[in-house]
Amino acid sequence: MATTKLVMKLVFILLIIFTFTVSPAISTAPESCDSRSDNPCIDKAKALPLKIIAIVAIFTTSLIGVMAPLFSRYISFLRPDGNGFMIVKCFSSGIILGTGFMHVLPHAFEILSSECLSDDPWHKFPFAGFVAMLSGLVTLAIDSVTTSLYTVKNVVGPVPVEYGIDHEKAIHNHSHGHGLVLGTTKDDGPSDPQLLRYRIIAMVLELGILFHSVVIGLSLGASNDACTIKGLIIALCFHHLFEGMGLGGCILQADFTNVKKFLMAFLFAGTTPCGIFLGLALSSIYRDNSPTALITIGLLNACSAGMLIYMALVDLLATEFMGSMLQGSIKLQIKCFAAALLGCTVMSVVAKWG
């Protein structure tokens, strides 16, 4: 899909800019970071079976979480046009928001404040917040540009005169879900402007989650701290279960073909396990406290946090709460707000262990 390729190109450009920006600032770590740890929990033999368990457990719980919403169409309470589904979507959006604020962004601040990084510039400037801010703005640009290109690509005729709306306004109103007919469309794309929005939201959201998942898997796979891995397995299983529910809800409303739905689901479920495998392969040469590793992981986490926070607040929660369905019912608004708050609370509680 052309939109997916464009998103990937823009993200890679962003990462290249980050790399060239920070490379001159990478300096030698303090001597204390170069020495081997005396931690008794460091045991490669004990850590290996725990990592295998983590791969299976995280993949299974991730798959359950992301697949559950895809089968919600068969549950009458969760039909896509019902109040129940709207409440579940707001709960899922709260999970995404909680992931960005309570897991990813604090982790980025923690890593980029490490004593293993030189004082100048890493301790004198809030790089995590700065990169998260830029990431949010870049996500906005990606969201806007891809929506415009995708809409123009699929619209080949003017808006019918009987609608009384000019063509330009019709295109710019797509994000509010008014269901405007944009005219004749090509056969290879959806004609509903709201469906275009849902598909772009699902793809950009998955991209942000995948960044974070790779970092989690790489760190876990490279670590030989058996004590830490034991606690992380449980925390990450819950984390990926709920995060998968949030992503699955977005994939469902995007109404992709079944093949694309399952491909996106398996991509989400398999990214952290693949990261763990990569960490295992690099464990002999990878040091999680080296300046290069800390800077790379910290910036990726900050980038992911900005994307997740933007998507949760702007494309998910704000879109639903300002839509006609919730604006027509104060009672439903209260229920959805409580659901979003519950989602944030769940991820806040999980953050205590992970």
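Note that Cβ sites are derived from N, Cα and C of the backbone, with glycine treated the same way.
Features as listed in TrEMBL:
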{"type": "SIGNAL", "residues": "1-25", "note": "signal peptide"}
{"type": "TRANSMEM", "residues": "52-72", "note": "transmembrane segment"}
{"type": "TRANSMEM", "residues": "84-105", "note": "transmembrane segment"}
{"type": "TRANSMEM", "residues": "125-145", "note": "transmembrane segment"}
{"type": "TRANSMEM", "residues": "200-220", "note": "transmembrane segment"}
{"type": "TRANSMEM", "residues": "264-286", "note": "transmembrane segment"}
{"type": "TRANSMEM", "residues": "292-313", "note": "transmembrane segment"}
{"type": "TRANSMEM", "residues": "334-353", "note": "transmembrane segment"}
Same-chain residues at least 6 beyond the ends of the transmembrane segment (52-72) whose Cβ lies under 8 Å from its Cβ atoms: 78, 85, 88, 92, 220, 229, 232-233, 236-238, 240-245, 247-249, 251-252, 261, 264-266, 268-270, 272-273, 276-277
Surrounding residues of the transmembrane segment (84-105) on its own chain - C-beta under 8 Å, 6+ positions past either end: 69, 72, 77-78, 128, 132, 205, 209, 212, 239, 242-243, 245-250, 253, 301-302, 304-309, 311-313, 316-317, 320, 325-326, 332, 335-337, 339-348, 350-351, 354
Dominant neighbour of the transmembrane segment (200-220) in 125-145, 264-286, 292-313, 334-353, by Cβ pairs under 8 Å: 264-286
